[in-house]
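Since the structure comes first, as structure tokens, the remarks are kept for the end.
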Amino acid sequence: MTQPQRPSIYFNVHLVSDSTGETLNAIQRAACAQFENVQPLEHNYYLVRSERQLERVMKEIEAAPGVVWYTISDGALRGRLEAFCRERSIPTLPVLDPSIAMLSRHLGVAPNNRVAGQHALDEDYFERMEAINFTLAHDDGQNVESLIGADVILLGVSRTSKTPTCVYLANRKVRAGNIPLVPGVPLPDFMEKMGDKGPLVVGLKISAERLVQIRRQRLISLNQDEITEYADEEAVRDEITQANRLFQRNGWKTIDVSRRSVEETAAGILNMLHERWGHS
């Protein structure tokens, strides 16, 4: 007899980095892949290098407790984050520390604790950082007046992984921006007039069932028990229908993210860009 499938376990994981977050994301996903039916709810914080930035991060952690994985070189910031989490019994893991400590013992040399020390300061690095800065400045509909300078613009309703997909693309030196599709809120005027010479526009599609599941888990993580229109199945279906009609009307390319990881979605977008740019 087939054993019934165990229900999925959802938990918050906060990834705090003073650099691009690429290392943290790779390690976290590799670790979670070792567990069946485990669904981490990722909260990503990139380029955290000041007290003010850390303050915002800690407020987010307090609002949705879970586990905290971090790569922060600054001793004062590390101390604040660790003390904050310790006072609230929130587990923390400085993911690079074991590897750095082992190398230090083996080589007999103290680490220099450079921020983003894993990145060589070469042309490739600066191109990546330029893309990351562009992406962070054009996240969630910000600075739309300069969004025309993007390589790709992602459109999608709330909770379709627009931001993490853009950050992943930025780590591949792609200038990515995203605009949330909100019922009743029009897109910037230039979006429907760009034609083939503007940025690649990709609509992120998702099934209503999957989106309802994600949004309800999001409400649970924020300790909100009431099912609002945000997670109501009928309202979600209407929202998705409007988005799909918009994509079709403008002839924009689409990717269904219902069961895709961020990496898979980004890979599909990179393929579209390579076709457009004439790369193999």
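Each Cβ is built from the backbone N, Cα and C atoms, and glycine gets one as well.
Taken from Swiss-Prot as is:
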BINDING   Gly156, Val157, Ser158, Arg159, Thr160, Ser161, Lys162, Thr163  ADP binding site
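Counting neighbouring Cβ atoms within 10 Å of each of the binding-site residues (Arg159, Lys162), the lowest count belongs to Arg159.
Excluding the listed site residues Gly156, Val157, Ser158, Arg159, Thr160, Ser161, Lys162, Thr163, the same chain places Asn178, Pro180, Leu204, Ile206 with Cβ atoms within 8 Å of the centre of the ADP site Cβ atoms. In terms of local Cβ density within 10 Å, Thr160 ranks first among the binding-site residues Ser158, Thr160, Ser161, Thr163. DSSP classifies Gly156 (ADP binding site) as strand under the three-state reduction.
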